[in-house]
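Here's the structure, in C-alpha cells; my notes come after.
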Amino acid sequence: MKSSRSVSCSAPLKGDAMTDLDDFIGPSQECIKPVKVEKRAGSGVAKIRIEDDGSYFQINQDGGTRRLEKAKVSLNDCLACSGCITSAETVLITQQSHEELKKVLDANKMAAPSQQRLVVVSVSPQSRASLAARFQLNPTDTARKLTSFFKKIGVHFVFDTAFSRHFSLLESQREFVRRFRGQADCRQALPLLASACPGWICYAEKTHGSFILPHISTARSPQQVMGSLVKDFFAQQQHLTPDKIYHVTVMPCYDKKLEASRPDFFNQEHQTRDVDCVLTTGEVFRLLEEEGVSLPDLEPAPLDSLCSGASAEEPSSHRGGGSGGYLEHVFRHAARELFGIHVAEVTYKPLRNKDFQEVTLEKEGQVLLHFAMAYGFRNIQNLVQRLKRGRCPYHYVEVMACPSGCLNGGGQLQAPDRPSRELLQHVERLYGMVRAEAPEDAPGVRELYTHWLQGTDSECAGRLLHTQYHAVEKASTGLGIRW
Amino acid sequence: MKDSLVLLGRVPAHPDSRCWFLAWNPAGTLLASCGGDRRIRIWGTEGDSWICKSVLSEGHQRTVRKVAWSPCGNYLASASFDATTCIWKKNQDDFECVTTLEGHENEVKSVAWAPSGNLLATCSRDKSVWVWEVDEEDEYECVSVLNSHTQDVKHVVWHPSQELLASASYDDTVKLYREEEDDWVCCATLEGHESTVWSLAFDPSGQRLASCSDDRTVRIWRQYLPGNEQGEVHYLSCRGGMQRLLTQWKCICTLSGFHSRTIYDIACLTGALATACGDDAIRVFQEDPNSDPQQPTFSLTAHLHQAHSQDVNCVAWNPKEPGLLASCSDDGEVAFWKYQRPEGL
C-alpha cells in the first residue's frame with residue numbers, strides 16, 4: 001500500500017508524505033462527499049445565490065430563500081472515501097499531532113483541578129524499539145526514560161501496549177479455534193485474517209467490502225484494547241468518567257490515527273474517544289527536540305502498570321516477530337487446542353518474497369494447519385485475489401500493510417546516516433531483546449477477565465475487546481476523469 | 001516529402017468512437033485495435049484489403065485504452081478504463097478471456113509484456129506501475145507495486161532484450177525499473193520534458209529510448225553503462241553514504257519545432273521514428289547517416305498533414321514488413337501506410 005496510503009494508492013501512510021503536498025487538492029475541489037441536507041418534497045428546480053461573504057442561499061421558486069449549510073467533511077468521511085486524490089487526508093491527519101498533546105498539557109496547567117484531565121500515554125513496543133535504536137539505549141532504559149520524560153511534561157501515567165496486546169492475542173486465538181470448529185456450518189469461517197493493522201482494514205473496507213470483511217478477525221488491536229482498558233477499567237479505578245482522561249498512544253505508523261478516529265471507538269455515552277490522540281514515533285522524537293530534552297540524559301523512572309501490585313521492573317513482549325506475533329500465537333494455541341500438539345519452535349518457509357511466508361502443522365503426512373504471513377501491498381493483493389477465486393489454501397493469515405511489518409512502519413524514525421536495511425535490523429534486534437511472555441501467563445490478565453470483563457466470553461468482553469467493520473461504497477468519479 | 005508516406009487503405013475500426021491504440025502481433029500478420037466502444041478488433045489481410053477477423057466485445061465495461069501481444073503471439077492483453085486488464089488467449093480466430101487482472105484503483109492506461117513472456121507490466125491513473133508474473137498454469141500474481149510517479153502514469157514499455165521497464169507520466173518524467181533482490185525498484189528518472197510524457201519506445205537494439213510529450217518534443221535517451229568509453233559516471237547516494245555505480249540515461253537528442261500539438265505516440269525502427277500528433281498529422285524522422293551516435297541528428301522525411309480527420313493517437317511499425325505503418329485516430333479509423341525511405345538516406 002504504497003505507503004503513502006491510504007486512498008490514492010492504497011498504501012500505509014509514510015512520514016515523507018507529510019512534507020510534500022505538491023499534489024494537494026483542496027477538499028472542496030474534487031470532493032464528492034455528499035452533504036446530508038434536509039429534503040423537502042416538491043419545490044422542483046432551485047437557484048443558488050452566492051453572497052458577498054461567500055455564503056450560499058437557495059432561492060425557491062416562490063422567491064423564499066434558505067441559507068445552505070456548509071459541506072463539512074469529517075476526518076473519517078474523508079479517509080474512508082475514494083472520491084478524490086488523497087492529500088486532503090494527509091492534511092487532516094497532521095491535525096492529530098504532538099501540538100495537540102502540548103495544548104492539552106498546557107490547558108491542564110492553567111485549569112482548576114476539577115477541570116483538569118488525567119493524561120495517559122500508552123507506548124507501543126515498536127515505537128520504543130525505534131527510539132532505543134536512535135538513542136543507543138536498551139529497551140528497558142528507553143521505557144524508563146520515556147516514562148520520565150512524559151511525566152516531566154505533565155503526563156500522569158505511561159503504559160505499554162504490550163499489556164493490551166495480551167488480550168488481542170488471546171481473543172484472536174479463541175476466535176480462530178471457534179471458527180475452525182465451526183467450519184462445516186459457515187463457508188466464510190476460514191481463512192481468518194488478522195485485524196490489528198488499520199492500513200489493511202481501511203483497504204479491505206474500501207476495496208473489497210462485503211466479500212472480505214467476514215473473514216477478518218473481530219479482535220481489537222492492542223491500541224484499541226488499551227483504549228478500552230484506559231477509558232473503562234482504569235477510569236473506574238481512578239473514579240473518573242472517560243471524558244476526563246486524555247489518552248495518547250505512541251505508534252509506529254500514521255494509519256493508527258485513522259484507527260483511533262473510527263466511530264466504532266467513540267464512546268457515545270460520554271462523547272469521548274477511546275484513544276484521543278495518536279503520536280507517531282517521529283512525532284515523539286520531535287516533541288523531545290522541542291522540549292530540549294536528551295532522552296539518554298534523563299533519570300530512569302519506574303514503569304507504570306495497569307494491574308495493581310505488579311510493578312514491572314522491565315517491559316515484556318511477545319514472540320513471533322515485530323508485528324505482534326499473531327500467526328505464532330494463533331498457530332501454537334490451535335495446535336494445542338485442536339490437535340493436542342505442542343509446537344516448540346514455529347518454522348517459517350519463505351515463498352515468493354520475504355514478506356510472504358507460510359507455516360504448516362503436519363502429522364503423518366496430513367496437513368492439519370496451514371498459516372501464512374502476508375506483509376505489504378503486493379502480497380495482500382495476491383492473497384485477496386486468491387481468496388476471491390476460492391483458491392486460498394490458508395486457515396489463518398497475519399496481514400500487515402507495511403513490508404517487513406510494524407517495525408518498519410511509516411512513522412518510525414529514519415536515520416539519514418545509515419542504510420535503512422541496517423537500521424531496521426538494529427530495531428528488530430532491540431525489539432527481540434525484550435523478554436517474551438505468554439498471554440495466558442501474564443500477571444493481571446486473568447484477573448481482568450474475571451473482575452473487569454466478568455468472564456472470557458461475556459457480553460462485556462465482546463463489547464470491549466471486539467469490533468466490527470463497514471464496507472465503503474465506491475464512489476464513481478465519472479465527472480472527474482483526467483485522461 | 002508527401003510521397004514518402006503513401007496511404008494503402010483505411011478501415012472504420014471503431015465507428016462513432018475513438019480508436020485509441022494498435023498493436024501488430026509478433027509475426028506481423030495481425031493488427032489489434034482498441035477503442036472507446038469498449039471493443040478490441042483483430043485485423044488481417046485478405047488480398048489487398050484489411051478485414052476484421054475477430055471482435056472481442058465482452059471483456060471490458062469501459063474504454064479499452066491499449067492492447068499488447070505476448071512475445072509468443074498467443075496472448076493479447078488489454079488495458080481498460082474500467083480498472084482491469086484482460087488476458088485473452090488466441091485459438092485460431094477466436095479469443096477467450098482467460099484472466100482478468102484487478103487491483104488498480106482506477107483507469108489502467110497501458111499494458112506491456114516483457115521479452116521473456118513471463119512478466120507483464122500495467123500502469124494507471126492511480127500513479128502506480130504494477131509488475132505481474134505468469135506461471136505455467138496461466139496464473140498471474142502481482143510481483144511488485146511501484147509508486148515512484150507522482151501523477152497519472154500514461155505508458156509502460158519493456159526493453160527489447162533486458163528485464164528493464166520504462167514508464168511515462170503526467171508528472172513530466174520517464175522512470176526506469178529493475179528487479180533488485182526480491183522486489184522491483186526505480187533505478188532511474190529521466191527529466192527534461194516540460195509537460196506530460198505520453199509515450200515511449202525503445203529502438204530495436206535497446207540502446208536508445210525515445211519519448212514524446214505534450215511539450216511537443218521528442219527526446220532520445222541513451223543508456224550509459226558503468227565503465228563506458230564516454231566517461232559518463234553516475235552514482236546513487238543512498239542512506240548511509242553508500243554509493244552505487246548506476247547505469248545512467250542521458251538525453252542525446254531533442255526534436256523540437258516539428259510538431260504543432262501534443263505528440264501522443266512514437267514508434268521506432270532502426271534509425272527511424274514515426275510520431276502521432278494532436279494536429280492530425282503523422283511524421284517520420286530518419287537519423288542522419290553521418291551523425292555522431294552520441295549526439296545524433298534527425299531529419300524530417302515525411303510529414304503527412306491530415307493523416308486523419310482528428311488527433312492521431314497511435315502509430316505502429318509492422319515488425320516484419322519494412323516500411324508498413326499503421327495509425328489510428330479519435331476519428332475512429334485505422335489507416336495503413338507505406339513509408340519509402342527518401343533517396344540518399
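Each residue's number is its place along the chain shown, starting with 1.
Every residue, even glycine, has its Cβ placed from backbone N, Cα and C.
The repeat 'WD' annotation in TrEMBL covers B:22-43 (among others). For the repeat 'WD' (B:22-43), DSSP puts the residue distribution at 0 helix, 13 strand, 9 coil.
Same-chain neighbours of the repeat 'WD' (B:57-89): 18, 20-27, 32-36, 38-40, 95-102, 104-113, 115-117, 120, 122, 124, 138, 140, 155, counting only residues six or more beyond its ends whose CB sits under 8 Å from a CB of the stretch. TrEMBL lists B:57-89 (among others) with the feature repeat 'WD'.
When Cβ-Cβ distances below 8 Å are used as the criterion, the repeat 'WD' (B:101-142) is approached by residues 62, 65-72, 75, 77-87, 89, 148-163, 165, 167, 169, 175, 177, 184 of the same chain, each at least six residues removed from its ends. What TrEMBL lists as repeat 'WD' is B:101-142 (among others).
Long-range contacts of the repeat 'WD' (B:146-177) within its own chain (CB-CB distance under 8 A, at least 6 residues past either end) are made by residues 66, 109-116, 119, 121-125, 127-131, 184-191, 193-202, 204-206, 209, 211, 213, 221, 249. The repeat 'WD' annotation in TrEMBL covers B:146-177 (among others).
Summarising model confidence by region, the repeat 'WD' (B:190-221) averages a pLDDT of 96. Residues or ranges marked as repeat 'WD' in TrEMBL: B:190-221 (among others).
With a cut-off of 8 Å between Cβ atoms, the residues of this chain six or more beyond the repeat 'WD' (B:305-345) that come close are 1, 3-24, 26-29, 31, 33, 35, 43, 50, 261, 264-269, 272, 274-282, 284, 286, 289, 299. The repeat 'WD' annotation in TrEMBL covers B:305-345 (among others).
The DSSP breakdown of the repeat 'WD' (B:305-345), given as helix, strand and coil counts, is 0 helix, 18 strand, 23 coil. When Cβ-Cβ distances below 8 Å are used as the criterion, the repeat 'WD' (B:190-221) is approached by residues 154-162, 166-170, 172-176, 249-256, 258-270, 273, 275, 285, 296 of the same chain, each at least six residues removed from its ends. Taking H, G and I as helix, E and B as strand and the rest as coil, DSSP gives the repeat 'WD' (B:190-221) the counts 0 helix, 17 strand, 15 coil. Across the repeat 'WD' (B:57-89), DSSP helix (H, G, I), strand (E, B) and coil residues number 0 helix, 17 strand, 16 coil.
When the repeat 'WD' (B:146-177) is classified with DSSP, helix, strand and coil residues number 0 helix, 16 strand, 16 coil.
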